[in-house]
Amino acid sequence: DILYITRLKPMERVNETSSVSEFILLGLSSRPEDQKPLFILFLTMYLVTITGNLLIILAIHSDPQLQTPMYFFLSFLSSTDICFTTTIVPRMLVSFLSEKTISYAGCLTQMYFVYALGNTDSCLLAVMAFDRYVAICDPFHYVTTMNHRRCVLLVAFSCSLPHLHSLLHTLLLNRLTFCDSNVIHHFLCDLSPLMKLSCSSTFVNEIVIISEGSVVLVTPFLCITFSYVRILITVLKIPSAAGKRKAFSTCGSHLTVVTLFYGSIFYVYLQPLYSYTAKDHIATIVYTVLSSMLNPFIYSLRNKDLKRGLRKLMGRRKSQAA
(Lines of atoms letter the chains of each structure in order from A and count residues from 1; the text may use other names and numbers.)
(Lines give C-alpha, C1' and ligand atoms only; values in the text may rest on other atoms or scores of the structure.)
Protein backbone atom coordinates (compact mmCIF):
# COMPACT_ATOMS: atom_id res chain seq x y z
CA ASP A 1 0.00 0.00 0.00
CA ILE A 2 2.87 2.40 0.85
CA LEU A 3 4.41 1.78 -2.56
CA TYR A 4 1.25 2.88 -4.32
CA ILE A 5 0.57 5.84 -2.05
CA THR A 6 3.96 7.37 -2.84
CA ARG A 7 2.98 7.45 -6.51
CA LEU A 8 -0.08 9.61 -5.87
CA LYS A 9 -0.41 12.94 -7.61
CA PRO A 10 -1.15 16.03 -5.49
CA MET A 11 -4.77 16.06 -4.42
CA GLU A 12 -7.07 18.15 -6.60
CA ARG A 13 -10.54 19.36 -5.70
CA VAL A 14 -13.06 17.46 -7.86
CA ASN A 15 -16.38 18.40 -6.30
CA GLU A 16 -17.66 20.44 -3.41
CA THR A 17 -17.27 17.70 -0.81
CA SER A 18 -14.24 15.64 -1.83
CA SER A 19 -10.59 16.55 -2.32
CA VAL A 20 -9.69 13.17 -3.82
CA SER A 21 -9.04 13.29 -7.56
CA GLU A 22 -8.38 9.58 -8.04
CA PHE A 23 -8.48 6.20 -6.34
CA ILE A 24 -6.07 3.28 -6.40
CA LEU A 25 -7.56 -0.16 -7.04
CA LEU A 26 -5.25 -2.68 -5.37
CA GLY A 27 -6.86 -5.55 -7.30
CA LEU A 28 -6.72 -9.22 -6.42
CA SER A 29 -3.03 -9.39 -5.56
CA SER A 30 -0.22 -6.93 -4.90
CA ARG A 31 2.54 -9.43 -5.76
CA PRO A 32 4.25 -8.59 -9.09
CA GLU A 33 4.64 -12.27 -10.03
CA ASP A 34 0.84 -12.74 -9.91
CA GLN A 35 -0.05 -9.97 -12.35
CA LYS A 36 0.66 -11.70 -15.68
CA PRO A 37 -1.02 -15.03 -14.74
CA LEU A 38 -4.08 -13.09 -13.52
CA PHE A 39 -4.07 -11.04 -16.73
CA ILE A 40 -4.07 -14.20 -18.87
CA LEU A 41 -6.77 -15.86 -16.74
CA PHE A 42 -9.19 -12.93 -16.84
CA LEU A 43 -8.49 -12.13 -20.48
CA THR A 44 -9.39 -15.73 -21.34
CA MET A 45 -12.55 -15.56 -19.22
CA TYR A 46 -13.53 -12.27 -20.85
CA LEU A 47 -13.05 -13.58 -24.39
CA VAL A 48 -15.04 -16.74 -23.56
CA THR A 49 -17.82 -14.60 -22.06
CA ILE A 50 -18.06 -12.32 -25.10
CA THR A 51 -17.90 -15.21 -27.58
CA GLY A 52 -20.38 -17.43 -25.74
CA ASN A 53 -22.99 -14.74 -25.20
CA LEU A 54 -22.67 -13.42 -28.76
CA LEU A 55 -23.26 -16.94 -30.10
CA ILE A 56 -26.38 -17.24 -27.94
CA ILE A 57 -27.71 -13.91 -29.27
CA LEU A 58 -26.92 -14.76 -32.91
CA ALA A 59 -28.44 -18.24 -32.62
CA ILE A 60 -31.67 -16.89 -31.13
CA HIS A 61 -32.10 -14.11 -33.67
CA SER A 62 -31.26 -16.30 -36.68
CA ASP A 63 -33.50 -19.29 -35.86
CA PRO A 64 -37.28 -18.78 -36.32
CA GLN A 65 -37.98 -21.68 -33.94
CA LEU A 66 -36.30 -19.74 -31.13
CA GLN A 67 -38.55 -16.69 -31.51
CA THR A 68 -40.37 -17.33 -28.23
CA PRO A 69 -40.58 -15.25 -25.01
CA MET A 70 -38.11 -17.49 -23.17
CA TYR A 71 -35.37 -16.96 -25.76
CA PHE A 72 -36.33 -13.31 -26.19
CA PHE A 73 -35.49 -12.80 -22.50
CA LEU A 74 -32.38 -14.96 -22.77
CA SER A 75 -31.01 -12.82 -25.60
CA PHE A 76 -31.38 -9.71 -23.42
CA LEU A 77 -29.73 -11.53 -20.50
CA SER A 78 -26.77 -12.38 -22.75
CA SER A 79 -26.55 -8.76 -23.95
CA THR A 80 -26.57 -7.52 -20.37
CA ASP A 81 -23.90 -10.05 -19.39
CA ILE A 82 -21.63 -8.76 -22.16
CA CYS A 83 -22.06 -5.15 -20.98
CA PHE A 84 -21.74 -6.15 -17.30
CA THR A 85 -18.45 -7.95 -17.84
CA THR A 86 -17.10 -5.18 -20.08
CA THR A 87 -17.72 -2.68 -17.29
CA ILE A 88 -15.38 -4.63 -14.99
CA VAL A 89 -12.82 -6.85 -16.74
CA PRO A 90 -11.04 -4.42 -19.14
CA ARG A 91 -10.31 -2.12 -16.18
CA MET A 92 -8.95 -5.14 -14.28
CA LEU A 93 -6.73 -6.12 -17.21
CA VAL A 94 -5.20 -2.63 -17.34
CA SER A 95 -4.48 -2.68 -13.60
CA PHE A 96 -2.74 -6.07 -13.83
CA LEU A 97 -0.09 -4.77 -16.22
CA SER A 98 0.20 -1.03 -15.72
CA GLU A 99 -2.08 1.63 -14.25
CA LYS A 100 -3.83 0.89 -10.96
CA THR A 101 -5.25 4.38 -10.53
CA ILE A 102 -8.76 5.34 -11.59
CA SER A 103 -10.17 8.86 -11.61
CA TYR A 104 -12.86 9.93 -9.16
CA ALA A 105 -15.38 10.33 -11.98
CA GLY A 106 -14.28 7.05 -13.58
CA CYS A 107 -14.73 5.21 -10.29
CA LEU A 108 -18.27 6.51 -9.77
CA THR A 109 -19.12 5.79 -13.41
CA GLN A 110 -17.93 2.19 -13.07
CA MET A 111 -19.91 1.76 -9.85
CA TYR A 112 -23.04 3.16 -11.52
CA PHE A 113 -22.91 0.66 -14.38
CA VAL A 114 -21.95 -2.26 -12.13
CA TYR A 115 -25.09 -1.75 -10.05
CA ALA A 116 -27.33 -0.86 -13.00
CA LEU A 117 -26.32 -3.87 -15.10
CA GLY A 118 -26.06 -6.28 -12.16
CA ASN A 119 -29.60 -5.45 -11.06
CA THR A 120 -30.81 -5.67 -14.66
CA ASP A 121 -29.50 -9.25 -14.66
CA SER A 122 -31.41 -9.85 -11.43
CA CYS A 123 -34.68 -8.48 -12.84
CA LEU A 124 -34.31 -10.45 -16.07
CA LEU A 125 -33.83 -13.66 -14.10
CA ALA A 126 -37.09 -12.89 -12.25
CA VAL A 127 -38.88 -12.23 -15.56
CA MET A 128 -37.57 -15.54 -16.94
CA ALA A 129 -38.84 -17.35 -13.84
CA PHE A 130 -42.29 -15.77 -14.37
CA ASP A 131 -42.19 -16.93 -18.00
CA ARG A 132 -41.49 -20.53 -16.90
CA TYR A 133 -44.26 -20.26 -14.28
CA VAL A 134 -46.83 -19.28 -16.91
CA ALA A 135 -45.59 -21.94 -19.37
CA ILE A 136 -45.90 -24.78 -16.84
CA CYS A 137 -48.71 -23.66 -14.54
CA ASP A 138 -50.99 -21.98 -17.10
CA PRO A 139 -49.96 -23.36 -20.52
CA PHE A 140 -53.33 -22.75 -22.23
CA HIS A 141 -53.07 -19.00 -21.66
CA TYR A 142 -49.30 -18.78 -22.28
CA VAL A 143 -49.56 -17.18 -25.74
CA THR A 144 -51.94 -14.46 -24.57
CA THR A 145 -50.25 -13.85 -21.21
CA MET A 146 -46.71 -13.66 -22.63
CA ASN A 147 -47.60 -11.68 -25.74
CA HIS A 148 -44.96 -9.56 -27.48
CA ARG A 149 -46.15 -6.26 -25.97
CA ARG A 150 -45.99 -7.62 -22.43
CA CYS A 151 -42.54 -9.13 -23.03
CA VAL A 152 -41.23 -5.78 -24.27
CA LEU A 153 -42.71 -4.00 -21.23
CA LEU A 154 -41.13 -6.54 -18.85
CA VAL A 155 -37.71 -6.04 -20.46
CA ALA A 156 -38.12 -2.24 -20.42
CA PHE A 157 -39.00 -2.35 -16.70
CA SER A 158 -36.08 -4.70 -15.98
CA CYS A 159 -33.67 -2.26 -17.64
CA SER A 160 -35.06 1.07 -16.36
CA LEU A 161 -35.64 0.40 -12.65
CA PRO A 162 -32.03 -0.74 -11.95
CA HIS A 163 -30.68 2.47 -13.53
CA LEU A 164 -32.79 4.59 -11.17
CA HIS A 165 -31.60 2.47 -8.24
CA SER A 166 -27.96 2.84 -9.30
CA LEU A 167 -28.31 6.58 -9.86
CA LEU A 168 -29.65 7.04 -6.32
CA HIS A 169 -26.67 5.28 -4.71
CA THR A 170 -24.16 7.04 -6.97
CA LEU A 171 -25.55 10.48 -6.10
CA LEU A 172 -25.54 9.66 -2.38
CA LEU A 173 -21.95 8.45 -2.60
CA ASN A 174 -20.94 11.63 -4.43
CA ARG A 175 -22.04 13.61 -1.36
CA LEU A 176 -19.42 11.95 0.85
CA THR A 177 -16.04 13.44 1.65
CA PHE A 178 -12.87 11.53 0.79
CA CYS A 179 -9.97 13.35 2.40
CA ASP A 180 -7.61 10.70 3.76
CA SER A 181 -6.73 7.38 2.12
CA ASN A 182 -7.75 6.76 -1.48
CA VAL A 183 -6.59 3.13 -1.69
CA ILE A 184 -9.48 0.74 -2.50
CA HIS A 185 -8.85 -2.82 -1.37
CA HIS A 186 -10.82 -4.24 -4.25
CA PHE A 187 -10.62 -4.85 -8.01
CA LEU A 188 -13.63 -2.60 -8.77
CA CYS A 189 -15.34 0.48 -7.40
CA ASP A 190 -18.01 -0.86 -5.06
CA LEU A 191 -20.17 0.82 -2.43
CA SER A 192 -18.80 -0.84 0.69
CA PRO A 193 -15.04 -0.29 0.04
CA LEU A 194 -15.70 3.32 -1.01
CA MET A 195 -17.83 4.06 2.04
CA LYS A 196 -15.09 2.68 4.24
CA LEU A 197 -12.72 5.32 2.83
CA SER A 198 -15.05 8.24 3.57
CA CYS A 199 -14.17 10.60 6.39
CA SER A 200 -17.76 11.86 6.64
CA SER A 201 -20.87 10.18 8.02
CA THR A 202 -22.23 7.32 5.90
CA PHE A 203 -25.38 6.93 8.00
CA VAL A 204 -27.78 7.99 5.22
CA ASN A 205 -26.02 5.75 2.70
CA GLU A 206 -26.27 2.75 4.99
CA ILE A 207 -29.95 3.37 5.74
CA VAL A 208 -30.73 3.58 2.01
CA ILE A 209 -28.73 0.40 1.33
CA ILE A 210 -30.56 -1.49 4.07
CA SER A 211 -34.01 -0.25 3.01
CA GLU A 212 -34.19 0.53 -0.72
CA GLY A 213 -31.17 -1.58 -1.65
CA SER A 214 -32.49 -4.66 0.11
CA VAL A 215 -35.89 -4.26 -1.55
CA VAL A 216 -34.37 -4.00 -5.03
CA LEU A 217 -32.10 -6.99 -4.40
CA VAL A 218 -34.50 -9.29 -2.54
CA THR A 219 -37.76 -8.63 -4.44
CA PRO A 220 -36.67 -10.34 -7.70
CA PHE A 221 -35.38 -13.27 -5.65
CA LEU A 222 -38.73 -13.60 -3.85
CA CYS A 223 -40.53 -13.51 -7.22
CA ILE A 224 -38.26 -16.30 -8.46
CA THR A 225 -38.85 -18.32 -5.29
CA PHE A 226 -42.64 -17.91 -5.56
CA SER A 227 -42.57 -18.93 -9.24
CA TYR A 228 -40.58 -22.08 -8.56
CA VAL A 229 -42.69 -23.09 -5.57
CA ARG A 230 -45.76 -22.92 -7.81
CA ILE A 231 -43.90 -24.76 -10.57
CA LEU A 232 -42.85 -27.51 -8.13
CA ILE A 233 -46.43 -27.95 -6.91
CA THR A 234 -47.70 -28.18 -10.48
CA VAL A 235 -44.97 -30.60 -11.62
CA LEU A 236 -45.58 -32.95 -8.69
CA LYS A 237 -49.19 -33.29 -9.85
CA ILE A 238 -48.09 -34.56 -13.28
CA PRO A 239 -48.81 -38.32 -13.30
CA SER A 240 -46.09 -39.49 -15.70
CA ALA A 241 -42.38 -39.52 -14.86
CA ALA A 242 -41.56 -38.42 -18.42
CA GLY A 243 -43.80 -35.38 -18.04
CA LYS A 244 -42.10 -34.44 -14.78
CA ARG A 245 -38.63 -34.77 -16.35
CA LYS A 246 -39.65 -32.59 -19.29
CA ALA A 247 -41.06 -29.90 -17.01
CA PHE A 248 -37.99 -29.89 -14.78
CA SER A 249 -35.64 -29.82 -17.78
CA THR A 250 -37.13 -26.52 -18.96
CA CYS A 251 -36.33 -24.96 -15.56
CA GLY A 252 -33.06 -26.68 -14.64
CA SER A 253 -30.75 -24.29 -16.50
CA HIS A 254 -32.45 -21.19 -15.17
CA LEU A 255 -32.45 -22.52 -11.61
CA THR A 256 -28.70 -23.25 -11.83
CA VAL A 257 -27.97 -19.69 -12.98
CA VAL A 258 -30.19 -18.23 -10.24
CA THR A 259 -28.41 -20.24 -7.53
CA LEU A 260 -24.95 -19.20 -8.75
CA PHE A 261 -25.89 -15.53 -9.16
CA TYR A 262 -27.92 -14.92 -6.00
CA GLY A 263 -25.81 -17.15 -3.76
CA SER A 264 -22.72 -15.01 -4.35
CA ILE A 265 -24.61 -11.68 -4.24
CA PHE A 266 -26.30 -12.43 -0.92
CA TYR A 267 -22.96 -13.49 0.54
CA VAL A 268 -21.41 -10.13 -0.40
CA TYR A 269 -24.19 -7.62 0.21
CA LEU A 270 -26.37 -9.00 3.00
CA GLN A 271 -23.79 -8.24 5.64
CA PRO A 272 -22.89 -5.14 7.70
CA LEU A 273 -20.50 -2.61 6.18
CA TYR A 274 -17.82 -3.18 8.85
CA SER A 275 -17.63 -6.93 8.12
CA TYR A 276 -16.78 -6.43 4.41
CA THR A 277 -13.25 -7.78 3.82
CA ALA A 278 -10.95 -8.87 1.01
CA LYS A 279 -12.34 -12.41 1.38
CA ASP A 280 -15.50 -11.21 -0.38
CA HIS A 281 -13.51 -10.71 -3.60
CA ILE A 282 -14.04 -14.32 -4.65
CA ALA A 283 -17.80 -14.09 -4.24
CA THR A 284 -17.78 -10.81 -6.17
CA ILE A 285 -15.90 -12.49 -9.03
CA VAL A 286 -18.56 -15.23 -9.10
CA TYR A 287 -21.51 -12.91 -9.79
CA THR A 288 -19.65 -10.31 -11.87
CA VAL A 289 -17.40 -12.44 -14.09
CA LEU A 290 -17.91 -16.17 -13.59
CA SER A 291 -21.70 -16.27 -13.89
CA SER A 292 -21.65 -14.21 -17.11
CA MET A 293 -19.10 -16.64 -18.56
CA LEU A 294 -20.96 -19.78 -17.50
CA ASN A 295 -24.49 -18.68 -18.49
CA PRO A 296 -24.13 -19.58 -22.21
CA PHE A 297 -22.79 -23.04 -21.32
CA ILE A 298 -25.49 -23.68 -18.71
CA TYR A 299 -28.31 -22.69 -21.03
CA SER A 300 -26.96 -24.38 -24.17
CA LEU A 301 -25.82 -27.69 -22.63
CA ARG A 302 -29.25 -28.40 -21.10
CA ASN A 303 -31.40 -27.06 -23.92
CA LYS A 304 -31.94 -29.13 -27.07
CA ASP A 305 -33.57 -26.28 -29.04
CA LEU A 306 -30.72 -23.90 -28.30
CA LYS A 307 -28.10 -26.54 -29.16
CA ARG A 308 -29.87 -27.11 -32.47
CA GLY A 309 -29.90 -23.36 -33.13
CA LEU A 310 -26.18 -23.11 -32.37
CA ARG A 311 -25.41 -26.02 -34.71
CA LYS A 312 -27.43 -24.36 -37.49
CA LEU A 313 -25.63 -21.08 -36.87
CA MET A 314 -22.18 -22.71 -36.99
CA GLY A 315 -23.20 -24.68 -40.09
CA ARG A 316 -24.16 -21.47 -41.89
CA ARG A 317 -20.89 -19.81 -40.88
CA LYS A 318 -18.89 -22.75 -42.23
CA SER A 319 -20.80 -22.79 -45.53
CA GLN A 320 -20.28 -19.02 -45.94
CA ALA A 321 -16.58 -19.40 -45.20
CA ALA A 322 -16.30 -22.18 -47.79
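Backbone N, Cα and C define each Cβ position, glycine as well.
In TrEMBL this protein carries:
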- 52-299: domain 'G-protein coupled receptors family 1 profile' (DOMAIN)
- 38-59: transmembrane segment (TRANSMEM)
- 71-92: transmembrane segment (TRANSMEM)
- 112-130: transmembrane segment (TRANSMEM)
- 151-172: transmembrane segment (TRANSMEM)
- 215-236: transmembrane segment (TRANSMEM)
- 248-270: transmembrane segment (TRANSMEM)
- 282-301: transmembrane segment (TRANSMEM)
Six or more residues out from either end of the transmembrane segment (71-92), which same-chain residues have a Cβ under 8 Å from its Cβ atoms?
25, 27, 42-43, 45-46, 49-50, 53-54, 56-57, 60-61, 102, 110, 113-114, 117-118, 120-121, 124-125, 127-128, 131, 151, 154-155, 158-159, 187-188, 288-289, 291-293, 295-296, 299, 305-306
At a C-beta cut-off of under 8 Å, are there same-chain residues at least 6 beyond the transmembrane segment (215-236) that contact it? List them, or none.
119, 122-123, 125-126, 129-130, 132-133, 136-137, 161-162, 165, 244, 247-248, 251, 255, 258, 262, 265-266, 269-270
Can you work out which residues elsewhere in the same chain, 6+ from the ends of the transmembrane segment (282-301), have a Cβ less than 8 Å from its Cβ atoms?
42, 45-46, 48-49, 52-53, 55-56, 74, 77-78, 81-82, 84-85, 88-89, 114, 118, 186-188, 190, 253-254, 256-257, 260-261, 263-265, 267-268, 307, 310
